[in-house]
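Trainee: As listed in TrEMBL for this protein:
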type: BINDING; residues: His78, Gly119, His120, Ser121, Gly152, Ala153, Asn180, Tyr291, Glu371; note: thiamine diphosphate binding site
type: BINDING; residues: Asp151, Asn180; note: Mg(2+) binding site
type: DOMAIN; residues: 320-484; note: domain 'Transketolase-like pyrimidine-binding'
Amino acid sequence: MSEIKKPDIYKMNLPADLKKLSTAQCEELCGDIRKILIDTVSKNGGHLASNLGTVELTMAIHRVFESPKDKIVWDVGHQAYTHKILTGRLKEFKTLRQENGISGFCRPDESVHDAFISGHSSTSVSAALGIATAMKLSGDKTHHAIAVVGDGASTGGELYEGLNNAGKSDTNIIVILNYNEMSISKNVGGMAKYLSSMRTKESYQRTKGRVEKMLDKTPVIGKPVKNAVRNSKNAVKNMILHSTMFEDLGFHYIGPIDGHNLEELEQGLMAAKAVNKPVFVHVNTIKGKGYAPAEANPGEFHGVGSFEIKTGNPDVVLSDSFSSIMGKELCEMGEKNKRLCAVTAAMKYGTGLQYFAKRFPERFFDVGIAEEHAVTFCAGLASMNYVPVFAVYSSFLQRSYDQLIHDMAIGGCHAVICVDRAGIVGDDGETHQGIFDVSFLTSVPNMRIYSPSNYDELRLCLHKAVEDDSGICAVRYPRGRDQSLYDTSDPVSTYVYRHIEGAKVLLVTYGRLANDLFTAIEILRNRDIKCDIIKLVNIFPIDNEVVDIMSAYDAVLFFEEAYYCGSISEKYASICPNVAQFAIDGFVKHGKCDVLLDELGFSAEKMADTVEGFLKDE
């Protein structure tokens, strides 16, 4: 038997050369790709476990289909690293999630092989159906739109809206379900149980095969018994294996397939390609495949910072963060308030609610990747005089705007929204920057918004929102740790005002920028420029006392880590004509938080320069 010639991935023309390789060579290549994934993510951080689980699946997709003529849409996109490697971005892969490097998600402006932008969950089927419909309208009957969906997305409502529409369509859409029983938080709800039950078909087939082999070897009676069993069980087998929800929706169902067996994957995808109707392909994978620490703890290796490859231990161990402080404080409050409930949309660990979940499991609710449902669920709890606290990332809260108005605000519900990852989040880029929550939350009548700049203020704001306020209250805070250098908290006031004798310029901000703005004042003082400062804590509704203070100055410069249109600074500027706004005007790419903030003009040095330049122009 001749030795398999190992392909050199760095010398290949990808993805075209993949079809020239044998299955054995592709398996060798999969091993190389896993090494590249582990090495790169260990240095840059990113999503590791989900990508290790989709190496063979991605390889099979690119061997069976012809990207970019066939359009591959990755749900969320965090599991598309192998796709990037196989579509001409191998040399740039070391820049993953770095400033001016390639994105950790799919970006059409990065490659023609990225058919659709990704970042949020459960959107791929809708996008793929739109693409498949456009193909049909254009007369393309040959190529396909392929949606690759993780099982975590099965808790998101938009997925079912898309499936319901796609199944009855006359289009070349293929939906591939990557089922690994492990999203960020453990999957919840009826669909998770349904998919889990479908996975047992593998064991059914293995058991069936073993029994048939045994009967084949049994003399005289083996074959008749085998035929009798087969005939009597056919009806049951057909019911179990073929009457799936997906077929009821109109899909041709294929699976489940071993997601780490290239031959099975390619056979299944070739079969899907040959079917002239919508197809649903069910693939079972192991999250973290090929790297022992990730296989043992796939949740911990879903999204990681840099780490040591040998042990899997992180390079930097964070002590507390805004998220963990919120979660721990909520636990203390839950001891005293038996009507306090905590709600998450599949982000228990990311939002710090694991502490509450452990201590009060009966009052903790993970509703899955379903932010719209989460808000209305909270409104239902509030209607029965419970106090729901919904902890959610800023960028994901965008999905529930209608429910905030229709189900919460109009009914006058008292609910608290802990808006995590508010402001710039860094490496995850445009789809995850938390810069729009202020704009849309301030448009909701009777909304109150707090934006603490340190842990003490966070605790204080949380208590106020839960215990003292009515209506909807949002407490927004950034990713990461409290890095305050100044004692700027006031347990009584809704803002902090610092006055210097002789100052004629007022600087205003809130949240994370407060620390750098206080530093900017020190820089300006060394330049013989005196400035006063207001740090808002309760940022909305507009504070009339703050308006009066602003009106007394020749110039007010408002620095805001939020989108310009609909911002707090815009609201004050509409009342006080002397207010100059410095906010974010557009989408923000990926990169390190401190670098991005500096580029936006929000570092201490840049804000000091802005003030000095503004005064020179006056």
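Any Cβ shown, glycine's included, is placed from N, Cα and C.
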Trainee: Just how many other Cβ atoms lie inside 10 Å of the Cβ on Asn180 (thiamine diphosphate binding site)?
Mentor: 24
Trainee: Under 8 Å between C-beta atoms and at least six apart in sequence, can you list the same-chain neighbours of Glu371 (thiamine diphosphate binding site), or say none if there are none?
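Mentor: The list for Glu371 (thiamine diphosphate binding site) reads Ala345, Val392, Phe396, Leu397, Arg399, Ser400, given in order along the sequence.
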Trainee: Starting from the Cβ of Gly152 (thiamine diphosphate binding site), draw a 10 Å sphere and report how many other Cβ atoms land inside it.
Mentor: 27
Trainee: Can you count the other CB atoms that lie within 10 A of the CB of His120 (thiamine diphosphate binding site)?
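Mentor: Around the Cβ of His120 (thiamine diphosphate binding site), 21 other Cβ atoms lie within 10 Å.
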Trainee: Tell me, in order along the sequence, which binding-site residues from His78, His120, Asn180 have their CA within 10 Å of Asp151 (Mg(2+) binding site).
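Mentor: Cα filter at 10 Å returns Asn180.
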Trainee: Let me know the model's mean pLDDT on the domain 'Transketolase-like pyrimidine-binding' (320-484).
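Mentor: Result for the domain 'Transketolase-like pyrimidine-binding' (320-484): average pLDDT 95.
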Trainee: Counting every protein chain present, what is the number of Cβ atoms, excluding its own, within 10 Å of the Cβ of His78 (thiamine diphosphate binding site)?
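Mentor: For His78 (thiamine diphosphate binding site), the 10 Å Cβ neighbour count is 23.
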Trainee: How many other Cβ atoms sit within 10 Å of the Cβ of Asp151 (Mg(2+) binding site)?
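Mentor: Taking every protein chain into account, the count is 23.
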Trainee: Check Asp151 (Mg(2+) binding site) against DSSP and tell me helix, strand or coil, would you?
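Mentor: Asp151 (Mg(2+) binding site) sits in a helix per DSSP.
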